[in-house]
Structures are given as C-alpha cells and as structure tokens.
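This report concerns only the one structure given below.
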Amino acid sequence: MWSLLLLAALVGQGFALKNVFDMRIQCPHSVNFGETSVSGYTELPPLSLQEAEQLVPESSCNMDNHQSLSTINKLTKVIWRKKANQESANQNSFEVVESEVSFKGLCMLKHRMVEESYRNRRSVIYYDLAGNSTFCKPTVYMIVPIHACNMMKSCLIGLGPYRIQVVYERTYCTTGILTEGKCFVPDKAVVSALKRGMYAIASIETICFFIHQKWNKYKIVTAITSAMGSKCNNTDTKVQGYYICIIGGNSAPVYAPAGEDFRAMEVFSGIITSPHGEDHDLPGEEIATYHISGQIEAKIPHTVSSKNLRLAAFAGIPSYSSTSILAASEDGRFIFSPGLFPNLNQSVCDNNALPLIWRGLIDLTGYYEAVHPCNVFCVLSGPGASCEAFSEGGIFNITSPMCLVSKQNRFRAAEQQISFVCQRVDMDIIVYCNGQKKTILTKTLVIGQCIYTITSLFSLLPGVAHSIAIELCVPGFHGWATAALLITFCFGWVLIPACTLAILLVLKFFANILHTSNQENRFKAILRKIKEEFEKRKGSMVCEICKYECETLKELKAHNLSCVQGECPYCFTHCEPTETAIQAHYKVCQATHRFREDLKKTVTPQNIGPGCYRTLNLFRYKSRCYILTMWTLLLIIESILWAASAAEIPLVPLWTDNAHGVGSVPMHTDLELDFSLPSSSKYTYKRHLTNPVNDQQSVSLHIEIESQGIGADVHHLGHWYDARLNLKTSFHCYGACTKYQYPWHTAKCHFEKDYEYENSWACNPPDCPGVGTGCTACGLYLDQLKPVGTAFKIISVRYSRKVCVQFGEEHLCKTIDMNDCFVTRHAKICIIGTVSKFSQGDTLLFLGPMEGGGIIFKHWCTSTCHFGDPRDVMGPKDKPFICPEFPGQFRKKCNFATTPVCEYDGNIISGYKKVLATIDSFQSFNTSNIHFTDERIEWRDPDGMLRDHINIVISKDIDFENLAENPCKVGLQAANIEGAWGSGVGFTLTCQVSLTECPTFLTSIKACDMAICYGAESVTLSRGQNTVKITGKGGHSGSSFKCCHGKECSSTGLQASAPHLDKVNGISELENEKVYDDGAPECGVTCWFKKSGEWVMGIINGNWVVLIVLCVLLLFSLILLSILCPVRKHKKS
C-alpha cells in the first residue's frame, strides 16, 4: 500500500491525468439490516496480453483487501492462430493453442468470500479481462461493506499503470437504490411479482459473479436445463456452483438460482437469455469491426485428450468478457480466451461454458421511498445569507435562482443536510426543494441583524438595549417613527431649543440677505433717476477725455479737472492723459466707488418697521413654555404616525390588516362577485347580509373556495429508457450469414442487415482470397440501457374546487368542476371556465419523483417510433419491451485488401438525449400534494399557473324573519403562540375553539390585538372542542394576540417573540396563498390611539426597566437644558 502511495505522489501531473480514472460508489444515508454491501466498477483502456497477465490489484483504502484475492489462480488460456500451410481461407485455416496461465486478483471469487469480507470489514477488489489476440481491456470491480460509506470519502486503487479514484457518493435515498431519480426498494417475495398491480416495477442494473462450489445443492446446470426445458443427460457430473449478485450497487447478496427469491429468479433468467450481458465498449468504440475467422473447438484443460468447448475466433475490438468456466466439468475448469467468443448458449447440452461475470438489467417489483418535505432555514452571514435545507428522507433535488447550491452534501443522522450561500438579501430568497417552493423573507434577516448590532453597541444594558432595538429595527416608516418618538421623549427638552435656534439662524440669514438686497435696489433706482434728469437738462455724463460714464455730477466735475491734467479723478495717481491709459488704470484702481459711497451716505434711508429680521431676533426659543408645548405636540403627532405605520405591508394576496368585526351588505339587489382566481389560491368571503328595511335583521354569509385540484385519468405507458446505439461490422470469409450467432443477438434491441455471398476481389482482406463466399453482417444494437423517466398519457383531465357555504345555520359543501355550479336556496357559485395548459392526449413525463413535477409532451410517439423520437425505447408495465425502429439505410463500404465496413446514415442519438438538449422548448409543471396510481393522478398546482373564472350570486330574496337568529355559540381561548411580531415570517397562534348549539359551523377565526387583526383562518367547526392555528404577520412589541370571532375575542392574549437573529424558516407557497375578504373596516384614528396605548402598556408590563431608563434620560436632558439655557433672572424695579 505504501509503495502505491509513494508512486502516486511521484508521478507527474500529465501521467496522472492520463491514467487516473474514477469509480463512483453510490451509498444510501442509512445502513440496512442484513449484510448489505455496495459495489462499483470502471472500464480501463487496453493493455497488451503480456501486461495483462502480470496485473495485481493494490489498494490504499483503509479497509484491508480480502486475503484470498492474493492467491494465484490458474486458468486454461485459449488463443487462435493461422495455420502455416493454408493458402485459402476456410474453416480449417486456423487452429487453437491451449496452455495454462496464472492470474492474481482475477474475478474468481471463492465460496463465502463476500460474506466474510462483510463480517471482517474487508473490501473485495478484482478485475475482469475482455481481450483479443493482441490486447485486453481490464474492468475493475469493488465490493465493500456498506459501513465504508461512513468511514471513507475516497481512496485509491492501483492496477498496472492505472490508478482508480474510488469516490463514495451519498445519494438522497434512505436505504433504496437510486433509479430514474427515485429511490427504489426491491421486494424479494414471489407474491409481489404475482400481484404486480400492487407494486411498482423498476429496471435495476445487477452485477453477478460465479462462485464454484462442489455441493449437490449447487447443481446449476440442472437448474438451467429445468428452466429451459432441455433434455440434457449427466447434469450431475457438470459444474456446480451459484451466482452471487449485488443489485443496483447496493444490496445484500442475492444468490441465484433460488426459487424462493424473486430477485434471484429474474437474475437467473437474464443470465440464461442474455449470457454475454452488457458489452465492455469504451467511449468511442460504439462503431467497430469484427473479422470472424470461424468456429473451433478446444480442450479444457489442455491436458485432456478430447475437445470439450466450442468457440468462435475473431479479430477486432474486444467487447465482451474473455473469462468463463467450463460447464461440462464439476472440477471448476476456468477459461481465459482472448480473441474467442466461448459458446455460452445453454440450449445445447455439450461444449458450452458459463460466464464468470454477468452485468445487465433486470425488472424487479418493489416500492419507492416516500418523498419528504424540506425545511429550509437561513441566517445572515456577511453581505449575504447562509442557508441550510433538511429533509427526513433525503433531498432529491434542490435549486435556487439566486443562491449558490453546492453539490457536496452532508448527512446528519437520518436527515440530509445541504448548506448553501445566497449572495443577495435585497430580495426574498426562493428555493425549490423536493418539489416544493420555499420562500425565505429576507426582511426578517435584516431585522435580526439590526437588533444584534444595536444590542452589541449598548451591551452594558442588554435587556434594555434589546427591548429598544426590537422597536427601532422594524423596517419602513414605522422604525423611523419609533426612533423619532424615543428621541423626542428623552432628549426633546434639549433638542427642541437647539433645533429652533438652528432654524432661527437660517431664517435670519435669509432675512438679512433679503433686507440688504432691498436697500441696494432702492439706491440703484435713485442713481438711475439722477442720471436721467441730468441727461434731459444738461446732456451726457460721459467724460470727454477717458470716455467713462459717470453716475453723479460731482464725479463728472472731478473727471473734467483731473483727466485733462493726467491724474486719476479717484486716487489722484499720475497717468498719461489718453483714453487707453486711463481706462487701463481704472481696472486696477481701488477707489472707483468713492463718489458712489459719498452719495449713499447723503441719501436719507426710509424708515422701516420691525420686519421679519427683528421679529426673529426677538423670538424666545429658550422659553420653558414654548419647549413644553412643542414637546407635547410632537409626542402626540409622532405617536399617531407611529401607530398608523405599525401595520405590516401585506404580501398580495395574503392578507390586508383591518379592524375587528365583519363587513355588512344591505341586500337592495342581488349580490354578485365575478373574479379570476389562481389555481393555488384559496378564497374566503364573509359578510353580514342586512335587511334593507330593518338594519337590525341580518344573516351571516361565509363562502369558502378551496385551491384547485387537478385530476387526470391516465394510461401508464411505462418507463422511458436512455440507450447507446452501437454499429458493429462482422465479416467472415465463408459460410452463410445465419451460421454464426453474434453476442449482440442477445441484446434486448437489435437489428441486423446481412450482405451474403457478395465478396469480391475489391472487398476482401488479404487473408480472405475467396470470391463469392462468406458474409458481411451489419448489426445495430442498444446497450447501456438506463431508465430515465415514467410516462403517462392523459385520457381525461378535470379541474375542481371544493366550495362550502354557511348561510345562517345552513351549512352545505360541494366539489364543482369546470363549467359547473353549486346552487343552494340563496347562493349560486359557478366556475365559468379554466385557463389551462393540459389537454386530452398529452403525455406527462416525470424525470424523477413525481413530487418534483414533470414535462408536457404534445407530440409523443404512439405507434411506429424511430430511434431518437420521444418514447423510442420503452419498458411498458406488464408488457414486452418495446424497441424502436431504425429507418436509416445501410451501406457496405469496401476498399481493396481491407475488411468491409458497414455505414449507417440514420440517427444515432437517443430520444432522451435529444429532449435534454431542447428541454427549454417543452412546457413543464410543478406538483404538490400529489397522489397517483396507474390509472389516475391527482395533484395541486403550487405556482398558480392555471386560473379559474369564478362567479358568485347571492339572491336578495332572503327570509330575514326566520334566518336572522343563528343558534351556534362559539367559545375562544388562546392556547399557544409561535413566531415573532413585526417580522416577515410572522407568528402562528393556536386557538382552542368550542362549538355548542349546532353540529357544524363554517366560520373564520382571526388573530387580533386590541386594535386590528393580522390573520385569519377559515375553518369548519364541529361540536365540542376544535384546535385552530392562525398565521399572521405584523403587530408590535405590545401586541397581545387574541383569538377573535367577529367582535368577540378570547379573554386573554399571548405575546409573540421579538424578531431576532435566529434562523428564518422558509414559507411553503402552497400554504401561503389564500385570499381573505370579510369586509372589516380599516384601522382609523381611534384604532391608532388604541395601538399606541397598547404599545405603552406593553412596555410598562413587559420590561418596566426600559421606562425607567427613558425617564432617566429625560431627567438628564432637563438638567442639561438648565445648564446650557439657564432661566433669565428679572431685576426688581
């Protein structure tokens, strides 16, 4: 083992990439009772015959390999060669050579080896060889106890130059076998096979190994002749033993033949009818050529005198195992025949053999493991959210359009746990898990992070900080209103004068600007008038020397005196008496405004009253009376705003918060409702119908419409298979095409085109000089069959809803279909039409558990199906296997001195692979609450993709005299509450509701505090005690949630927890979609004051320390006010 690890560490990267292969072993996440083992295998590239004979398997796995595999096993090696003295090809132109060869680790299992390896916690590693005359392809097999799944994640196996990485993959199956995306548990009882209608049928891959053991109980040839009805003699002296099988890579050993085990019977039947099993072709070897030399007999072992085994010699790519055991000897004569097909046909009595290893599909009866719902939790982590999904029975599918779902799964006890990260929390997180749509409301995560941050900042008083934080962190306007209310109460006596002073300073600044601007405008108007008068009477005010326009007469006289003498009239600086020089000086002169300022001083300003600026200066913002008035007014306004904003914004169409009670409708005319309802939504309508003549007479009306149920009568078409198409050319020089039986003749689906006696000099290999003899057989066959889905054809489809009406004391229910009505004495409820994507004749294909939804096929092949069509390879229930047709044309391609090659111009891609490539072009659908049999499927649509047109008419002709009194009496008691107030997830209130005076009563129970109601549940009460759970969203820290019926509520209420940093549970969309309408009034001003009072009382009763802390802060602000703004002292006159 250490040499293997050292070699693996020293090899280069390129070598490792070229010679490392994967072997994947699927493990369920629970350990079965019994000696359950898991197995896997992998195909390896070819080696030369000499290298193959030196192979020894090695393992670095922490489970020891079974010791018996290290023993040397001897076999009879049979090869063929051309005769040296033959000039033309015929049945005598080649010969066989027998010899003894030894292998270590070849697939020659001993009696009780697998059972001992389970008890001793050892692995069984071995290999098989499929070879021709020059090279062999190894196939490595491994059987380990199921406990290895809990002990290892991966390990390394070495075989010659190759390294096999064994990867233990956890499936989401509890104990079953993963097939078609579902977990299948086979049943070994024969009675289940006889009553197939009661059980499911699945095609499971099985691997079997021949165990040679001399004992009269193991007369396998006798069992074969009995099963085939042959009349062979001397079966007692033939080989004895049995096959040990692992079903689906995960099962306890199955022993064949065994009459009491149906699984063994199916395996034994498969070995007899298709003894070669699945081929060993590597990818790219689907198209290959065989050159058949002919049939020949050999001596097994080579020391016997007579020939006792018939074989067929070939040259080309080896596709089937070269190991077998002679059937004619009870001594266990093992055979290694590279380049020869041994005769495995058991319909003849002599010269045949049995396969050492068999691999193929068998049909078994059993049941599928139930699909359990998921629980999804999320918590904030950095900038995003960290989420976990749990499911009791495993998670078969989990996706999210906005999260990074890892494929590395972990298991915790009997539940599967998958962790994933969501990068964004600015929108709700949507997760599809086990066919259910879960929504994580990230608003609650943000609330929790806010509470955590505030509590951490004020960690000296964690209780007080938490109580304040849960109010401040409510999202939206309500949180800001809470912050404003607390700040005003605690620090308003300091902040009000400070804010008022800041506002006064800003106002005085603008008032000063306005006052200065007005004075300047008045002075400019005076200058303009002076200038206009001067120009009218004496002329221009422009200096003749410097051309400067003067504003006053005094300025003009100064220019006339100074400019002529070359002086500046403003600063008396000497300059050249030219216009250019003087104008340049004016640009830098600092005294050009001298005459303007002198004039401004002589102008007497207009007397202005006190004005805005003076009024602002005189405002007494430090007055205690002013501060008290503003503090009280702000508290009242902010309390009203806080209460009005305390209602949580609803998610349409879930719930609209309203006040207590039920709306009333005066029946002047018939009451008619006409609307469209999504298929996933429930609808509740509740009103009091009042007499238009007498308002005191009323009748209670309650209508409940359940979500849409879809029921389809179907025909079970069976299982759809994926497959690989193989094209093989088989050429032999002489004889008719029917002379040889090729291994693919035993495949479930095959087709052959023969070109008999058509050889010519231009279409012959060099060793086949004959002309007009022999055969070229072009064979098509399907292998690697894998069931991928289950198909149902819709015969008829029905959309229905259950409708219940409570009219007074009258209670009636009915399930109505599309275009159907429910008519009572006073009400008529109709489904006028349904918008749907299902129609008669469609085919529903489920590529996995039916709980995960399926695909709708409008054009599903029904009769003549070609390979590549939907339904090309089908396994119908209780009917023979259906193979596709191959409509393409064959062509025999010939070249001089080469073996002919067959070409096929038809489709070579399976229908399943074509559907996967274009799956986005098909309509899909999700399912919830699905129930199914072979004849009928019923489910509900969780996405609301379908819609019903609903029409409700309530007649105005109501006998109010007799119907006004309702004898039903309802008693209410709040029993328990879970969840949090003010959060996006909400709370669940459990109510104990008692009903007396009538047997049944359809009504609604609400979850309310003193002011408004946050959720309701429509329920049919039975006489006695009833438990009702109501889900609501909203409320505040002071809300005491009660169970209410109409305006009557339970005597006591319960307070929900505060939103915190706990994990947020996902909401099932199917449970979340309901439309409730009872016409109750919205919350008004009185309701707001009730909410404010309830909040204050909640703080006092819940955590009175918070109130003390707030009062201490208020006192501190008053002291600070007296220091910063002391009271003005008035002197005595």
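A Cβ is built for glycine as well, from the same backbone N, Cα and C atoms used for every other residue.
Straight from Swiss-Prot, the features:
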type     : residues        : note
SIGNAL   : 1-16            : signal peptide
DISULFID : Cys27-Cys149    : disulfide bond
DISULFID : Cys61-Cys155    : disulfide bond
DISULFID : Cys173-Cys183   : disulfide bond
DISULFID : Cys208-Cys245   : disulfide bond
DISULFID : Cys374-Cys433   : disulfide bond
DISULFID : Cys378-Cys387   : disulfide bond
TOPO_DOM : 507-626         : topological domain 'Cytoplasmic'
REGION   : 514-531         : region 'Binding to the ribonucleoprotein'
ZN_FING  : 543-563         : zinc finger
ZN_FING  : 568-589         : zinc finger
REGION   : 586-603         : region 'Binding to the ribonucleoprotein'
REGION   : 590-601         : region 'Binding to the ribonucleoprotein'
REGION   : 609-623         : region 'Binding to the ribonucleoprotein'
DOMAIN   : 609-632         : domain 'ITAM'
REGION   : 755-775         : region 'Fusion loop'
DISULFID : Cys804-Cys813   : disulfide bond
DISULFID : Cys821-Cys830   : disulfide bond
DISULFID : Cys991-Cys1043  : disulfide bond
DISULFID : Cys1008-Cys1013 : disulfide bond
DISULFID : Cys1044-Cys1049 : disulfide bond
DISULFID : Cys1083-Cys1087 : disulfide bond
REGION   : 1120-1133       : region 'Binding to the ribonucleoprotein'
TOPO_DOM : 1125-1133       : topological domain 'Cytoplasmic'
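Structure with Swiss-Prot features highlighted.
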residue: Cys149; record: disulfide bond; DSSP class: helix
residue: Cys208; record: disulfide bond; DSSP class: strand
residue: Cys245; record: disulfide bond; DSSP class: strand
residue: Cys378; record: disulfide bond; DSSP class: strand
residue: Cys387; record: disulfide bond; DSSP class: strand
residue: Cys433; record: disulfide bond; DSSP class: strand
residue: Cys804; record: disulfide bond; DSSP class: strand
residue: Cys991; record: disulfide bond; DSSP class: strand
residue: Cys1013; record: disulfide bond; DSSP class: strand
residue: Cys1043; record: disulfide bond; DSSP class: strand
Could you count the residues of the region 'Binding to the ribonucleoprotein' (586-603) that DSSP puts in helix, in strand and in coil? 10 helix, 0 strand, 8 coil
What's the CA-CA gap between Cys183 (disulfide bond) and Cys245 (disulfide bond) in angstrom, rounded? 19
Any idea what the Cα distance is from Cys830 (disulfide bond) over to Cys433 (disulfide bond), rounded to a whole Å? 35
In three-state DSSP terms, the structure that Cys61 (disulfide bond) belongs to: coil
Disulfide-bonded residues considered: Cys245, Cys433, Cys1008, Cys1049; fewest surrounding Cβ atoms within 10 Å belongs to Cys1049
Can you work out which residues elsewhere in the same chain, 6+ from the ends of the zinc finger (543-563), have a Cβ less than 8 Å from its Cβ atoms? 527, 530-531, 534, 569-570, 572, 577, 579, 582-583, 586, 595-596, 598-599
Just the number: how many Å between the Cα atoms of Cys208 (disulfide bond) and Cys1043 (disulfide bond)? 65
List every residue in the same chain as Cys804 (disulfide bond), at least 6 positions away in sequence, whose Cβ is under 8 Å from its Cβ. Ile703, Glu704, His811, Leu812, Cys813, Leu1002, Thr1020
Most Cβ neighbours within 10 Å, among the disulfide-bonded residues Cys27, Cys183, Cys374, Cys1013, Cys1043, goes to Cys1043
Out of Cys173, Cys208, Cys378, Cys387, Cys813, the listed disulfide-bonded residues, fewest other Cβ atoms within 10 Å surround the Cβ of Cys813
Euclidean distance between Cα atoms of Cys433 (disulfide bond) and Cys1049 (disulfide bond), Å: 39
Cα-Cα separation of Cys1013 (disulfide bond) and Cys1044 (disulfide bond), in Å? 9
For the disulfide-bonded residues Cys61, Cys149, Cys821, work out the Cβ neighbour count at 10 Å and name the residue with the minimum. Cys821
Could you give me the DSSP helix, strand and coil counts for the zinc finger (543-563)? 10 helix, 1 strand, 10 coil
Near the Cβ of Cys1044 (disulfide bond), how many other Cβ atoms are there if near means within 10 Å? 24
Among the disulfide-bonded residues Cys155, Cys830, Cys991, the one whose Cβ has the most other Cβ atoms within 10 Å is Cys991
Quick one: of the disulfide-bonded residues Cys155, Cys245, Cys433, which has its CA closest to the CA of Cys991 (disulfide bond)? Cys433
